[in-house]
Amino acid sequence: MIGDIVETKQCRLKDPVDLFRSGQVVKICAPMVRYSKLAFRTLVRKYSCDLCYTPMIVAADFVRSAKARDSEFTTNKVGDHPLIVQFAAKEAQVLCDAARIVCPFADGIDLNCGCPQRWAMAEGYGACLINKPELVQDMVRHVRNQIDNPRFSVSIKIRIHEDLKRTVDLCQKAEATGVSWITVHGRSVEERHQPVHYDAIKIIKQSMSIPIVANGDIKTLKDAENVHHLTGADGIMVARGLLANPAMFAGYEETPLKCIKDWVDIALEHGTPFTCFHHHLMYMMERITSKQEKKVFNVLSSTSAVLDYLNNYYGV
């Protein structure tokens, strides 16, 4: 909650763009509704994740309501950096106002231009922005002009057009306005589970001089390395792969027991609500439990029942 993090103003925030200058592929935890909150970010950072995003926050609600700010955005002074706050927005000044609120506590903001959900697009948010390059430029320009911290990054996350020339045009316009990097989910708005167009990400990368992050269907560290070689991308962003195995970036093929124990400790320390605590464990244990075990584990209904189960079966 904002109230809990006022002291953060004193902490030295990092310049996330420096990560891309390191010469290493930047390993990134994607913005995930309900899931990429502080406790989970704390976990993946223990396992070689370089950069984390918050879940997408609707900027207008965030600016208007203290309640929304308290429930949507939590960070801490110590380890939750570098941190990017992702916003859904459709008006330049609203995005600016939201950026100004989080600026003392985060290292940058990201404009969501990729969410394909119907409600988001109906509201003028998310993936419909890939068809409005001038509006995207206006929003980036406003934030750049009004946030006086040059180390504060402004990035965008997009999907691709059927006609890739339009995507390259969008990216070049965003670059000209001062965007720090662009994350490309290699599918169009209509595509859900179809193969990711890594060739499209490669073409975008070759057309730009700012960092490009590849996103889509990356489930293991080997996948991440392959996608980097295929696309030349400067960073790799992962969502579901990290839910299933938060230690993925550290090279583990499946979630190690130590990671499960770390999650229990972190979640309890952060007071993570039971449903979220349990869901994360269901994802993490997907590959290491039998059908029969899942039937039992997935219907447990209290923290104490989960802790007993983990202790009895896994010695956690």
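Placement of Cβ uses the backbone N, Cα and C atoms for every residue, glycine included.
Note that the structure is a prediction, hence the values are computed from the model and not measured.
Features reported for this protein in TrEMBL:
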type	residues	note
DOMAIN	29-293	domain 'DUS-like FMN-binding'
BINDING	Pro31, Met32, Val33, Gln86, His185, Ala239, Arg240	FMN binding site
ACT_SITE	Cys115	active site, proton donor
Cα-Cα distance, maximum over Pro31, Met32, Val33, Gln86, His185, Ala239, Arg240, record's FMN binders, Å: 17
Local Cβ density at Val33 (FMN binding site) - other Cβ atoms counted within 10 Å: 10
Entry from the binding-site residues list His185, Arg240 having the most other CB atoms no farther than 10 A: His185
Intrachain C-beta neighbours of Cys115 (active site, proton donor), sequence separation six or more, cut-off 8 angstroms: Met56, Ala88, Met121, Tyr125, Gly126, Ala127
Other C-beta atoms that fall within 10 angstroms of the C-beta of Pro31 (FMN binding site): 25
Surrounding CB atoms that lie within 10 Å of the CB of Gln86 (FMN binding site), all protein chains: 25
CB within-chain contacts under 8 A for Met32 (FMN binding site), separation at least 6: Pro55, Ala239, Leu243
Confidence summary (mean pLDDT) of the domain 'DUS-like FMN-binding' (29-293): 97
Local Cβ density at Ala239 (FMN binding site) - other Cβ atoms counted within 10 Å: 21
